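Peer 1: Structure in structure tokens, see below.
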Amino acid sequence: MRRKCFCLLEVCAIISLLPSGSSENLTCEALLMLSGNVSLKSLAVSWNQTLSNATGSGLSCDTSIDGIGTCWPRSSAGQMVSRPCPEMFYGVRYNTTNNVYRKCLANGTWALKGNYSMCKAILHEEKKGKMHYQIAVIINFLGHCISMVALLIAFFLFLCLRSIRCLRNIIHWNLITAFILRNATWFIVQMTMSPAVHESNVVWCRLVTASFNYFHSTNFFWMFGEGCYLHTAIVLTYSTDKLRKWMFICIGWCIPFPIIVAWAIGKLYYDNEKCWFGKRAGVYTDYIYQGPMILVLVINFIFLFNIVRILMTKLRASTTSETIQYRKAVKATLVLLPLLGITYMLFFVNPGEDEISQIVFIYFNSFLESFQGFFVSVFYCFLNSEVRSAVRKRFHRWQEQHSIRARMTQAMSIPTSPSRVSFHSIKQSTSL
């Protein structure tokens, strides 16, 4: 009795899975749910055929599941039907972006076999994907190493060349420092964040992630400081002598700190897993720090638009050294800001399902993200005319000091020769 009631309930469940209107056939979803129960499956198919005979005026193939497990929906006679390739067959994964085809014959029956020739096992694709991923990792690592060396050289140049210590170059110096710290935390992340550490979600790994995101944010806020300085000096024609270093320190180092603290609190309460890397579906705590970064990026683009407009109109005829420095700073910012912006916006872009677009995305993102520090060093330090002039002066001064020291050493060594000593002694003895 219980079994009959249970079967009756399942039959009712089958009917409820049908779309509204009795003219529709059994859906693939319903048939797949019942595929494990042969008696109920045959009952459902019989129900489907009854509805088709009662309501269908033309010939059609009924919903069915083939031997591989692909469900074929009800289709009109003579139609070629396509379905996605199966995800798994005999333990082998397949690429589901391709399709399998099966013909609904003119007599209202399915062809005996479907065309599975387009379904490719992804074992080879996985090997190729792993190879490209490993190459991208190497590019990323080399890029960060090259950037770190360039950033350290630029840092020590700004540290040693005191003659160029103006507010503009101090801002450059702090931007380079922010990139050094971000690259340093990147190396720490790479060396410490193993899969086991991710799963353990220990306190120190969350602190490392928070530090990395903080220094990542400081890059954008110091770029914002660059934009603020140029906008104030060129567009607002405000004397840069009235600007103070502490204002930009607050922008670059202080403002990101409470933002990251708020993000960490959000992660702690709503997404406290995997060392705070990545994000869980439906949780948007990462936008707490990503939002301000995007905002300052947009504001910087507005600043640059106004700066370029002024330079193209009012300052075109001016040839003062200060104006020339502004123009060079604007050129550097125009190059660097898109670099920073493009690489960050790439994290919000879906590269698509095709293999070529994914490979291009991986390489492009790895190159730009890892070489950012190198580009910052080149444009703000190595190509900076003030830095180059100061380095040349320091080198010439060192050459002069070295030559003077060499001449003094040579002059001091002259009296020690035997001939000179004997000559002086003879001269002194004759005078006595």
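Here the Cβ of each residue, glycine as well, is placed from N, Cα and C on the backbone.
I grabbed these lines from TrEMBL:
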SIGNAL    1-23  signal peptide
DOMAIN    27-123  domain 'G-protein coupled receptors family 2 profile 1'
TRANSMEM  135-159  transmembrane segment
DOMAIN    136-384  domain 'G-protein coupled receptors family 2 profile 2'
TRANSMEM  171-189  transmembrane segment
TRANSMEM  220-239  transmembrane segment
TRANSMEM  246-265  transmembrane segment
TRANSMEM  287-308  transmembrane segment
TRANSMEM  329-349  transmembrane segment
TRANSMEM  361-383  transmembrane segment
Peer 1: Taking residues 6+ outside the transmembrane segment (135-159), which of them lie with a CB under 8 Å of any CB in it?
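Peer 2: Residues packing against the transmembrane segment (135-159) from afar: 169, 172-173, 176-177, 179-180, 183-184, 186-187, 190, 362-363, 366-367, 369-374, 376-378, 380-382, 387, 391.
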Peer 1: Taking the transmembrane segment (287-308) as the first stretch and the transmembrane segment (171-189) as the second, find out whether 3 or more Cβ pairs fall under 8 Å, excluding pairs closer than 6 in sequence.
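Peer 2: Not in contact, no.
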Peer 1: Hey, which bits of the same chain come close to the transmembrane segment (171-189), Cβ under 8 Å, at least six residues off its ends?
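Peer 2: Sequence-remote neighbours of the transmembrane segment (171-189) are 144, 147-148, 151-152, 154-155, 158-159, 208-209, 211-212, 215-216, 218-219, 222-223, 225-226, 229, 248-249, 252-253, 372-373, 376-377, 380-381, 384.
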Peer 1: What mean pLDDT score does the domain 'G-protein coupled receptors family 2 profile 2' (136-384) have in the model?
Peer 2: 85
